[in-house]
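Copied over from TrEMBL, here are the features:
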- B:12-29: transmembrane segment (TRANSMEM)
- B:49-68: transmembrane segment (TRANSMEM)
- B:75-96: transmembrane segment (TRANSMEM)
- B:102-121: transmembrane segment (TRANSMEM)
- B:133-152: transmembrane segment (TRANSMEM)
- B:172-193: transmembrane segment (TRANSMEM)
- B:224-243: transmembrane segment (TRANSMEM)
- B:258-291: transmembrane segment (TRANSMEM)
- B:298-319: transmembrane segment (TRANSMEM)
Amino acid sequence: MPETSQHAQNPREGMMATLSKEQIGRVLAKQGILIAFAIFLVAFTIANPKFLSVDNVFSVVRSSAILGVMALGVTFVVISGNLDLSVGSMMSFSTIVVLDLHDTLGPLLAIPAMFAMTMALGALIGFLVGYLRLNSLIVTLGMLSAIHGLTLTYSGGQNMDIADKEGTWFGVFGQGSALGIPVPILIFALLAALLGLVLGKTPFGRKIYAVGGNGTAATFSGIRRARTVFSCYLISSACVATAGLMQASRSLGSQNTVGQGLELEVLAAVILGGASLMGGSGTIFKTVIGVLILGFIQNGLLLLGLQFYVQFVVTWVIIILAVWLDIAAKRGKLWSPIA
Amino acid sequence: MQPGALSKALKNGAIWGFIVLELIFFSVAGEFLSLSDKAFMDFENMLLLLKQSAPIGIIAMGMTIVMVNGNIDLSVGATFAIAAIVLLDSMTWPIFAGLGDWVIPVAWLLALTVGTLLGALNGLIVWKTGVDAFIVTLGSMLGYRGIVFMFNGENPTSHLNWTLVDFAEAQFLGLHTATWFLLAVTLAIWFLMARTVHGRNAYAIGDNRDAAVNAGIRVGPHMMVNFAIIGFLAALSAVVFYSESGSVNPNDGQLYELWVITAVVLGGTKITGGAGSVIGTFGGVIAIQLLRKGLGHIGADTSTVNLVIGLILIAVLFLDRQLNVKGKEELKV
C-alpha cells in the first residue's frame, strides 16, 4: 500500500489523485461487473424490447433459480477458502432420493428425509476438509464420483418418476406461484436474503471471511477454523438439497445425471460475481449478480437468434475478462508481472 | 536409513503395491464371482487393459507436467472433442479429395496443431493475465465445449477411413497401436521431466514460484509450453482413439479431466505443484483402469466403480496426509 501512504501525507493531493486515471480505472474495475451487466442489459433491450419485459425477466430468473440456490451455498465454501466440485452430483442425488421417497414415505416426510441424507453427505465432506484438513479440490472431486455412484446404486440406474403426477401437491416448489411470483424465484430470493444476512451481518459470517482470508491468523484469533469450514459445507449441502427439491418438483421425474456438470457452472457464477478462489472475498449479492448475468446472457443470445451453444463461448470470454479486470485492479497493472 | 526414507519409499511404491493388491484381489474374487470362466490375469485381457488406458493415460502425462508446474487444466476433455472433430471432419474436406490415403497424416497434423494451439491459448492467458489456471481452464472448458456444439449441434461427426482403422487396430509385437502411443508418450514425458532443463524448471516453478523467478527462470513461457504440451497430448489421445472408432459425439470427453486428475493424484503428484512423477502417473492410470475392469469382471456395475474410485481418491489423500504430518503446511488451491 505505498501509494495510499503517499496520498495520506497531503490530503488535498490525495483527493486529486483519487480522480486520476488509474483510480477511475480502479473504481471501474471494482464495480466493473455491475457496470458491464447494466450496459449489457441496455444493449440487449435496445436490440429486442422484449428482453426486459416482466415475463421474460421472470422466466430468466426462474430458470436460473436452481443454479442460483446452489451458487449461494458454494459462495460460503469459496469464501472460506475451499472448493466444492461435488454439488452437481449431490444435486442429482437429492433429486432422485426425494422423488423415490415421495412415493414411499409421502411428500411430507420425503422432504426432511432427503434433506437429512444430503446434509449427511455435506457433513462428511465438511469433516474431511474441515477437521482432517484434506485438500478440498480432491476431496470434492472424489465425492463427485462417489456420490454419482451412490445415486446410480440407489436408483438402480433407472429414471425416477412420481407415480401419480396429477394428485400431488409436491409440484408447488418448482411450478407454483404465490402473489403472482413463481415459487422458485421466491425461494431463491428468500434464501439469498437470509444467507446474505448470515454472511454479511453475523459474527459467524465474519469468521468465514477470516478463515478464508488467513486461516492461520484466524486460528490464532481463537476462531475454530475446522468448525467454520464444516459449517460452510453443511450450508452448501442444505442449498443443494433445496435445489434438488426444486428440480424434482419442477419435473416430477428425473434422470440420474440431472446435476452433472452443474458444479462448474455454479463455480463460474460465483467467480463471475467476484469471489476469489483464494478465499476471503465475495458476497451473496455479487453471486446473485453472477447468476443473473449467466442467465441473462443465455436468454439474450437466444433472443438475438443465436445458437444455444454460443452462450458457452460468451461465458468463457466474460469469466476471464471479469476475473482479469478484478485482479488487474488489485495489482494496479493490466498485464501480469509473471516473467 | 534417513528419517522419512521409509515413508518416502512407501509413498513411491504405494501405487505399485496397490496395483499388485488389485491384481490379486480380482484374480481371487474372479474365481468365485465372475460369470466368465476366463481368468482375470489372462494375457489378452491385460493387453486390452493397456489399450483401454491409452486415452486417459496419454492426457494424464500432460496433466502431470501441468500439475507439477503448479497449474491445472480442466479443459482437456473439450480439447479432446475438438481435435476429434477436426480429425474426422477434415478427412472429408474437398480440398484434400485428391490426396487419397495421404489425407490421414494431413488430418492428424491438423488435429494435433489445433490441440496444441488451444492448449497454448490457455497458457498464454494464464501467463499474460495472471488469472489462476483453474479459472482460465474452467472458462475454456465451457468455451471449447461450446465450439464443439456450434460445429454440428447435437449430431455426431462421423467418418470411417478403413486404412486408418486398420492402422489403429493393428498389433505390433503383441501390443496395440494405442498402447504403443501410450508407452511412447510416457517415455517422452519421463525424459522431458527427469532429464531436461525444462523438466527441472517445471519442478522448481511448482515448488516455489518466487524462488524460481529469483533464480532467473522465465516462469511464463514455461507454463505456456506446458499447456501447449497438454493440448497436444489431448489431441493425440483423440487422434489415437477416433482413428479407430470413426465417430465423435459432441459430449465425448466430458469428465475426462476428472478421470485424468484422479489418475495423476493417485500417482502421487501434488495438487499444489512441485512434486510428482510420470512413472507414478502411469501407475495411477493402470490402477484406475484395473479397478474399472476388475469390478466389471466380478460383476459390479458402473455405479460401484464410481463409488470405489471416489472413496479411494479420498483415502489416498488421507494416507498421504498421515505420512506427511510433519511436512510443510499445505498451500491452498
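Even glycines carry a Cβ here, placed using N, Cα and C.
Just so you know, TrEMBL annotations are computer predictions that nobody has curated.
Scored on C-beta pairs under 8 angstroms, the neighbour of the transmembrane segment (B:102-121) with the top count among B:49-68, B:133-152, B:224-243 is B:224-243. Residues 54-56, 58-59, 61-63, 65-66, 69, 71, 73, 76-77, 79-81, 83-84, 87-88, 108, 111-112, 114-120, 122-124, 126-127, 161, 164-165, 167-168, 177-178, 181, 185, 189, 198, 202, 253 of the same chain, all 6+ positions outside the transmembrane segment (B:224-243), place their C-beta atoms under 8 angstroms from a C-beta of that stretch. As a quick check, the transmembrane segment (B:172-193) and the transmembrane segment (B:258-291) clear the bar of 3 or more Cβ pairs under 8 A, pairs 6 or more apart, so the two touch. Highlighted: of the candidate stretches B:49-68, B:75-96, B:133-152, B:258-291, B:258-291 has the greatest count of Cβ pairs under 8 Å to the transmembrane segment (B:12-29). Among the listed stretches B:75-96, B:133-152, B:258-291, B:298-319, the one sharing the most Cβ pairs under 8 Å with the transmembrane segment (B:49-68) is B:258-291. Among the listed stretches B:75-96, B:258-291, B:298-319, the one sharing the most Cβ pairs under 8 Å with the transmembrane segment (B:133-152) is B:75-96. Non-local neighbours of the transmembrane segment (B:298-319) in the same chain are 14, 26, 29-30, 33-35, 262, 265-266, 288, 291-292; each lies 6+ residues outside the stretch with a CB under 8 Å from one of its CB atoms.
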